[in-house]
Amino acid sequence: MDKSGKLTELFFFKFSSDLVPSIMSNLLNPDAIFSNNEMSLSDIEIYGFDYDYTLVFYSKHLHTLIYNAARDLLINEHRYPAEIRKYDYDPNFAIRGLHYDVHRALLMKIDVKLVSHGHTMKQFMDIFSLPEMTLLSCVNEYFLKNNIDYEPVHLYKDVKDSIRDVHIKGIMYRAIEADIEKYICYAEQTRAVLAKLADHGKKMFLITNSPSSFVEKGMKFIVGKDWRDLFDVVIVQADKPSFFNDKRRPFRKVNEKGVLLWDKIHKLQKGQIYKQGNLYEFLKLTGWRGSKVLYFGDHIYSDLADLTLKHGWRTGAIIPELRSEIKIMNTEQYIQTMTWLQTLTGLLEHMQVHRDPDSQMILDEWKKERKEMREMTRNFFNSQFGSLFRTDQNPTYFLRRLSRFADIYMASLSCLLNYDPYYTFYPRRTPLQHELPTWSDQLCTGTFRIPFLQEMAQVK
């Protein structure tokens, strides 16, 4: 075995026997709530919710439905080649937070250093965007393979319009209503959360872009026929994010038959359903202002950004992908890989001063191994784009926006069941590059640095 092999074996033995068991005893809870800002639930009097992917979660079948319906619209209404039907939906292809370059027809995952190119980039922050991203790429691939000239901007617009029409024309809504058990899941958890909040005297409201009949059937399935009794205000077809900024649109009441009434609204009554409206009128009619309100949604921009920046509400982001990513991060294989990756990085940083041929040979081997391991860590999450939250050592743009606009975030509302209504969330102190390292960085620059250097000299 050469020197590089001996050193690698020595260091790997060190960290695997001492460090990995220690880390494995302190795993993250996938059902935990994580905080970006300090917030006490004892201060929260009113809880607000989005509907899709907040109160209601959908099965994997929904994205296939949206993809297939949008693909058919591209073919039938936009006259795209029928051969694109051979491309099926791949649930592992895309992740949220990707950007589409409208000039080069590329889907890409960027970190914060590339945001300056945003005028050519279209962001995909919505979970409903996953079928859209996949369809864009499939059609793009078909054109390239068949040497067909096309305009990426027009492709983006046609795909976007087709995805939109799946919603606007009611294709998605009718399919879910026709087989609600196939598409909706986690119903019992949502019921339990709402019941717990009601038992503690919290006021609750719902603001969603979905239509009234769709919400009515879904909530009856999730909560029960008396679901409206839990909510003080219910607003449908709100047209977020315009709802938070446009002061002109009035509220209209929707009767039991789904008919829109034209009476002027002087009060938002419990048990009724209202359509459209705007947040300024909502605040005027309810008086629910400031940090006593906590609103949950899955879309960082449409649900959370304006409430944080303009209205002072507290915000909670629902990130379903979080649970699966934490479960991956808790596996021994991932912990071993990441710990060894950190160790290699530290070794490269400190040993690069040695310029002799033997040392350079070892450093080259370590660089090669580090590159391979970085690729491996990406593939743990998604073979195309890696983690939703990180690109190598950099936080993704998605995570930066999440940190900016959400006070707390979690995988689902069911995580609230693990906390009492007086719990205070405290954010972790994340060290800056010039501050003292955290425990994980000790692998590179702290406790294990001197012994490693001493034993390296012995191997030589």
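Along the chain as shown, the residues are counted starting at 1.
Here the Cβ of each residue, glycine as well, is placed from N, Cα and C on the backbone.
For Asp50, Asp52, the entry in TrEMBL reads active site, nucleophile. Residues or ranges marked as Mg(2+) binding site by TrEMBL: Asp50, Asp298. Residues or ranges marked as GMP binding site in TrEMBL: Asp52.
A map of TrEMBL features onto the structure.
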| residue | record | Cβ within 10 Å |
| --- | --- | --- |
| Asp50 | active site, nucleophile | 24 |
| Asp52 | active site, nucleophile | 23 |
| Asp298 | Mg(2+) binding site | 23 |
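On the backbone, the CA of Asp50 (active site, nucleophile) and the CA of Asp298 (Mg(2+) binding site) stand 8 Å apart. Note: the CA-CA distance between Asp52 (active site, nucleophile) and Asp298 (Mg(2+) binding site) rounds to 8 Å.
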